[in-house]
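Structure, as structure tokens:
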Ligand SMILES: *Cc1c(COP(=O)(O)O)cnc(C)c1O
């Protein structure tokens, strides 16, 4: 059994705060702070440029990728780190679409995160493809033999709705299409099994449930059957087969290495590498069971104590990720009041209060404190104070 009391102790959780926003930015693992300080002192300071070889900075994107692979049902040598998730979405969708050159359609749903849709829209314009966006429950029916790429975010960032990766992938393959799965709200939150689902491409970020810190690099996975056929459009020198030959023409590195673009963010990846230590003793079935326990308890208690809120997530835990949304007409002000009272969740327009539950450090006490505070704020209407209505840049 995974010892969640010991994983919780691995994080710095500020005094007096109940943190339910690890689905936006995970808290800092103590190990990350120490590891980055040591890297600055022993590697950057002392080794200078030789750190690329001596400290292994050059191969870090693959080493860290292998650690993520275990958490998403991928094999060693199949995942590489770098850039931001938006860029990795572009890399994956462009490569997938190039493998189906006779087909025009990229299909996604309107529960997807806007950046994924913006990137696909720009790509479609550039390569003469068409982005089709349907409601989440209409995705399956919209798969036909014009489809080149099915681009889906497994867990909806607003509602927590979880798509069935296995069955949608099978449907897409039956129609002759390829799949790109965005795991931004899945990796470290649910029991992902890319190999079992027979997916084609996957991408994700590492600053949410993987706790890599603000701006931590993204990951990309390509099924080995496409490894040497997939051609990235962003042909950077670090994805070249011999970057230090400085050839004028591009020739892709074998396998996943070709998905690299430019110089990796070594300091940020060092923090991420340290943040991944905590996962060494975590069993993904335990993680999922704990996540379901927390979200079920939260929904039951909120519904009993806060009649003004409406559940905005699937009730069936099988169809839900590790977050819960509730709607309130004045959701923004309610969330600001909640934050002022030490319970941190976030708000997503137009009216959704969003609460992320990260089994590594959230427990049933967090659930209880959050619901007590929320019901008090709603009962005494203290949220309806002018200070809670002022909109900040980041919600
Ligand atoms: C968080 C998130 C992003 C953010 O992309 P960045 O490039 O890291 O800013 C993109 N897509 C999805 C589905 C997300 O949840």
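Note: Cβ is positioned from N, Cα and C throughout, glycine not excepted.
So that you can see what the record holds, here are the features copied from TrEMBL:
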BINDING   85, 86, 113, 114, 115, 116, 153, 182, 185, 207, 237, 263  pyridoxal 5'-phosphate binding site
MOD_RES   208  N6-(pyridoxal phosphate)lysine
Least Cβ-crowded entry, counting other Cβ within 10 Å, from the binding-site residues listed as 115, 153: 115
Number of other Cβ atoms within 10 Å of the Cβ of residue 185 (pyridoxal 5'-phosphate binding site) across all protein chains: 27
Three-state secondary structure, residue 115 (pyridoxal 5'-phosphate binding site) (per DSSP): helix
Secondary-structure category, per DSSP, in which residue 85 (pyridoxal 5'-phosphate binding site) falls: helix
Cα-Cα distance maximum in Å, computed over every pair in 85, 86, 113, 114, 115, 116, 153, 182, 185, 207, 237, 263 that the record assigns to pyridoxal 5'-phosphate: 30
Listed binding-site residues adjacent to ligand 1, that is, members of 85, 113, 115, 153, 237 whose C-beta is under 6 A away: 85, 113, 115, 153
Lowest local Cβ density (other Cβ within 10 Å) among binding-site residues: 113, 237: 237
DSSP three-state assignment (helix, strand or coil) for residue 153 (pyridoxal 5'-phosphate binding site): strand
Candidates 85, 208: member of the recorded positions with the richest Cβ shell (10 Å): 208
Nearest-integer angstrom distance between the alpha carbons (Cα) of residue 85 (pyridoxal 5'-phosphate binding site) and residue 208 (N6-(pyridoxal phosphate)lysine): 12
Alpha-carbon spacing, the residue listed as 'N6-(pyridoxal phosphate)lysine' to residue 153 (pyridoxal 5'-phosphate binding site), which is rounded to whole Å: 14
